[in-house]
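Enquirer: Annotations per Swiss-Prot:
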{"type": "COMPBIAS", "residues": "1-12", "note": "compositional bias 'Polar residues'"}
{"type": "REGION", "residues": "1-39", "note": "region 'Disordered'"}
{"type": "COMPBIAS", "residues": "20-32", "note": "compositional bias 'Low complexity'"}
{"type": "BINDING", "residues": "Glu69, Asn114, Asn214, Tyr286, Glu340, Gln409", "note": "alpha-L-arabinofuranose binding site"}
{"type": "ACT_SITE", "residues": "Glu215", "note": "active site, proton donor/acceptor"}
{"type": "ACT_SITE", "residues": "Glu340", "note": "active site, nucleophile"}
{"type": "SITE", "residues": "Trp344", "note": "site 'Important for substrate recognition'"}
{"type": "SITE", "residues": "Gln409", "note": "site 'Important for substrate recognition'"}
Amino acid sequence: MTTHNSQYSAETTHPDKQESSPAPTAAGTTASNVSTTGNATTPDASIALNADATPVADVPPRLFGSFVEHLGRCVYGGIYEPSHPTADENGFRQDVLDLVKELGVTCVRYPGGNFVSNYNWEDGIGPRENRPMRRDLAWHCTETNEMGIDDFYRWSQKAGTEIMLAVNMGTRGLKAALDELEYVNGAPGTAWADQRVANGIEEPMDIKMWCIGNEMDGPWQVGHMSPEEYAGAVDKVAHAMKLAESGLELVACGSSGAYMPTFGTWEKTVLTKAYENLDFVSCHAYYFDRGHKTRAAASMQDFLASSEDMTKFIATVSDAADQAREANNGTKDIALSFDEWGVWYSDKWNEQEDQWKAEAAQGLHHEPWPKSPHLLEDIYTAADAVVEGSLMITLLKHCDRVRSASRAQLVNVIAPIMAEEHGPAWRQTTFYPFAEAALHARGQAYAPAISSPTIHTEAYGDVPAIDAVVTWDEQARTGLLLAVNRDANTPHTLTIDLSGLPGLPGLGTLALGKAQLLHEDDPYRTNTAEAPEAVTPQPLDIAMNATGTCTATLPAISWISVEFHG
């Protein structure tokens, strides 16, 4: 996660950062020349799967991951609050756990993030009363270490999630990573494994996916490195970890964002050097409406098209990974772990940092090292939810290369779940598109043929208004259509033809299930603690025709999901 020390936040949609030519449109999408000012009830867009449609790939369960960092109130006051009325014997908030399960999260990256780069994992084990307090240099806070890997493992068992564990490559490195691996996954009989048993966890945690550092290209990162420095370091750590335990899946740090001056060359340098020992490379991208304070129309339209940037990001990193494979005469593809993505209004964080600096210059000081302060607690709009739904569509359409993803973060900190101190937990607008995909996108993903009117953006040129993805589980005969209208002004009516799905005997054999629409006439409307259901998906007006096709109208700035079965 990028801090104010970078030129921009970890997102890449600012028009000044674009190349002179428009970004390519999403794969499988063609732009029609239909006017966007026509009659919204007359179909002007179509989604179709032809009989010869081939799947992108199997939908990987890890695509629906999230992220818990020791940052703000994500851990303390989020997943862990011993004094809360719903807290269990471990101090975990049951109301938050219930929402995490409802969200459908499969895998959680922990404990950072920038935090991990000066974190000693040993500080978080053993009796809580013996754990030291430390200064967290990333977020300028005091870390109490009440939560550590043992506690988070217990939480993940209750949440039903896999753990993706990150190791410190900022102030530490090879030995600390090997010690933590032994502690976490070792069978009893060695020093660190026996310490785990003594701390109450008898069986190995069996954590398979490990991130070797976080955003090590960023000058804000404690111990940041050049591409060559990190390439050598990650190669040594990954090699040693795989000697210690076969079957691990190791993630190298990719660029912190597409705005970084070494974007692309960083990935090629790192992956070429450490190709044999790596399985994934990370991708990080955040987006926000840069004109949100004035509600500028052009900025909103650019924001709605953010998935164009994510598509280009995936293509660039995939190309670098392929070049590394060719340089090593290899056969395996390095997969992408998009382990930080979502909407983050980083301008608010930058303003907070500027205020603190100004106060310090005047001799005014806020609490220098606070414990779990309110940080990055963005409240999301209906438009934000549509954009996150659009980004999820993009991840699914590229799941042949993006085999893991973590929507950042999980609770309170730029999160779909908010938890009031000593109060209720509630769903943000962004909760709903993620949950629908996480719970119902199964089987194989398909990028349908899409014909769509175009919209003009300052950042990306002319792009299709409509984007969509289809998933289909042929064995269970269940499927899901996700679609968005990225047009800020005009509704569009879709004709949907899914007759080309494999295993169907013919047209008219599909039955519609639950169909939902997320849209608000005021795209800036939010949920709050006082009105937690102000923005929720509503039933979508859709019907199957005698020909086996469907028609549905998508208002401007909207997301839909349609469950179906054969």
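A Cβ is built for glycine as well, from the same backbone N, Cα and C atoms used for every other residue.
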Enquirer: Widest Cα span across the alpha-L-arabinofuranose binders Glu69, Asn114, Asn214, Tyr286, Glu340, Gln409, in Å?
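Expert: Taking every pair of listed residues, the largest Cα separation comes to 16 Å.
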Enquirer: How big is the Cα-to-Cα gap, in Å, between Trp344 (site 'Important for substrate recognition') and Asn114 (alpha-L-arabinofuranose binding site)?
Expert: 16
Enquirer: Reduced to three states, what secondary structure does DSSP give Tyr286 (alpha-L-arabinofuranose binding site)?
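Expert: Strand, per DSSP.
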Enquirer: How long is the line from the C-alpha of Asn114 (alpha-L-arabinofuranose binding site) to the C-alpha of the residue listed as 'active site, proton donor/acceptor', rounded to the nearest angstrom?
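Expert: With the alpha carbons as reference points, the distance is 7 Å.
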Enquirer: Other residues with Cβ within 8 Å of the Cβ centroid of Glu69, Asn114, Asn214, Tyr286, Glu340, Gln409 at the alpha-L-arabinofuranose site?
Expert: Met1, Phe67, Leu71, Gly112, Gly113, Glu215, His284, Ala408
Enquirer: Please give me the CB contact count at 10 A for Glu215 (active site, proton donor/acceptor), counting all chains in the structure.
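Expert: That number is 28.
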Enquirer: Would you identify which of the binding-site residues Asn114, Asn214 has the most other C-beta atoms lying within 10 angstroms of its C-beta?
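Expert: Most Cβ neighbours within 10 Å: Asn214.
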Enquirer: Where Gln409 (alpha-L-arabinofuranose binding site) and the residue listed as 'active site, proton donor/acceptor' are concerned, what is their Cα separation in Å, rounded?
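Expert: With the alpha carbons as reference points, the distance is 16 Å.
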Enquirer: Could you tally the C-beta atoms, other than its own, that fall within 10 angstroms of the C-beta of Gln409 (alpha-L-arabinofuranose binding site)?
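Expert: Other Cβ atoms found within 10 Å: 28.
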